[in-house]
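Record features (TrEMBL):
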TRANSMEM  9-27  transmembrane segment
TRANSMEM  33-51  transmembrane segment
TRANSMEM  72-96  transmembrane segment
TRANSMEM  116-136  transmembrane segment
TRANSMEM  157-178  transmembrane segment
TRANSMEM  190-213  transmembrane segment
TRANSMEM  244-261  transmembrane segment
TRANSMEM  267-286  transmembrane segment
Amino acid sequence: MSSTHQKIQSIRIVSTFFGLWISAYLLGGFENYVAFFLIFSLGILHGSNDITLIKRAYGSENLTFFKVLTSYIMLIGLGTALFFLVPMLALIIFIVFSAYHFGEQHFHFLQVKNTISAYLFYFGYGLFVITLILYLNASDALRIINQMIGVVVVLDVLRWTLLASAILTLVTGTMVYIKQKFNVFLELFYLLLFSVVFFIASLIWSFTLYFILWHSLPSLADQVEFLYKEVTKETIVRYIRASFIYWLLSVVGFFVLVQFFKDNPTVMLSFFFSFLAAITFPHVLVMHKILKH
Ligand SMILES: CC1=C(/C=C/C(C)=C/C=C/C(C)=C/C=O)C(C)(C)CCC1
């Protein structure tokens, strides 16, 4: 593990405990502001440099900036249209993509990469974590999901998904472990920590702590390393400069669109997750290309 990732590992464990402590002391409303601030800063930032990453990952010979931008916008458009036309299918695809993406980032240190068992392991693990967040905050989660897809999803769906993803993770994790040993106790400790956090914290705060500390931070470090070979103050500043315009566009875009929904908090939250979903689709594909190597 590189020294950057070791540092991030310590930062995220300490910050998770701090986040847990905060959730006991901050008032709900203020906690939500901090959560959205973190999602709109670090969370969106970690997906803002995708266009540079695609060009680098595919080699820039045949790919013009215009071609990449057009396919990127088309994918986001497709994602948005899907949420309008067939919301339930869109949500399922989004969760499948997100689950794989979270698991792939979490286990990016494994050398066992392009095998079916590794793919299923990433997917199973990510799905387990996402469902754990939803299950331990079920009333809020189900309200938002119902609002997003217009169908009543019951607690049993979460319960069975949790069980199925746990079994999938266990079976495929064993297959991966046979090929490459990893620290199972540390992974179990993380899962225990997540369960305590998700149980105590609210839905938005639980999602934020996982998304920012356990996903976006290590992903940012990987991307900076991929683009500039090392993570230093200078390369971080270069990364921020290169992604700033995309970051600004998505944040401004979100705040313009959200004006239509500002009178109803639940509709606003479901719009927020649909927006996150639409910009997530191309990001997952780009990161898969990078983490594969
Ligand atoms: C928390 C939560 C949800 C799941 C969000 C997910 C899965 C987000 C994934 C984001 C990604 C992968 C971002 C890019 O890196 C739902 C089911 C939408 C609605 C209820 C609350």
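Just so you know, glycine gets a Cβ as well, placed from its N, Cα and C.
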Residues of the parent chain within Cβ reach of the transmembrane segment (33-51), under 8 Å, 6 or more residues beyond its termini: 22, 26, 65, 68-69, 72, 204-205, 207-208, 211-212, 215-217, 219-220, 223, 227, 239-240, 242-244, 246-247, 250-251, 254, 276, 279-280, 282-283, 286
Segment proximity, the transmembrane segment (116-136) to the transmembrane segment (267-286), 3 or more C-beta pairs under 8 Å: no
